[in-house]
Amino acid sequence: MNIQFESAGVSFGARVALEPLTLAITGKRIGVIGLNGSGKTTFARLINGLTKPTTGRVIVNGRDTADEKTVVTDVGFIFQSPQNQIILPIVKDDIAFGLKRRGLSKAEIEARVEGVLARFGAEALADRRAHELSGGELQVAALCSVLATGPGILILDEPTNQLDLKNRALVERIIAGLPESAIVITHDLELIAGFERVLVFHEGRLAADEPAAEAIARYREIAA
């Protein structure tokens, strides 16, 4: 993971969503915490190109995300409500959907679908309908759909939100075992407690960039 923020900021008219930020992001696990409306999601959307900077630029693995010719295929995004990003009713069909747009052969698609499900021990989900899945199973299905396309960087937005203890533990194990670089946006402080680097956002600016223990302490000061 090599992400460079070069005085990158976002404004909507007079409202500043994210103050200009200069930051280098490398490594395997980055936590992102902050109160609602602090700029966390805007920060993440700049990385995958869903939001364009109004000042400065963001470079992901050597490519400017603001360039209209650039498709940020290096970045996969798991939204806070994974059921909303699963498009097709059957899990294996949804995983295949993103691969068909890559121009892969039928055999290649089938191999990737089987491979990504096996990676998470989720073969039993292949023929299940998305609306029948538990919260944890939905997270796994969404992860499979994104990871099948081969992104090197994964952004997870509130991955344990509204999960029971069993499904929360499942998602925690998956995140811990991901070989891909991961940026985890969360209010769940236990989830990022072991991370070497955590970013804290407050009122549209970066308030702290520290190891987890120090960053969590700073967040608690802000939230008090």
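Here the Cβ of each residue, glycine as well, is placed from N, Cα and C on the backbone.
As written in Swiss-Prot, here are the features:
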type	residues	note
BINDING	G34, L35, N36, G37, S38, G39, K40, T41	ATP binding site
DOMAIN	3-224	domain 'ABC transporter'
Least Cβ-crowded entry, counting other Cβ within 10 Å, from the binding-site residues listed as G34, G37, G39: G37
K40 (ATP binding site) in three-state DSSP notation: helix
Environment of G34, L35, N36, G37, S38, G39, K40, T41, the listed ATP site - residues of the same chain whose CB lies within 8 A of the CB centroid: F201, H202
Local confidence of the domain 'ABC transporter' (3-224) - pLDDT mean: 90
Protein Cβ atoms within 10 Å of K40 (ATP binding site), excluding its own: 23
Local backbone state of L35 (ATP binding site), from DSSP in three classes: coil
Other CB atoms within 10 A, centred on T41 (ATP binding site): 23
Cβ neighbour count within 10 Å of N36 (ATP binding site): 7
Lowest local Cβ density among L35, S38, which the record lists as binding-site residues, within 10 Å: L35
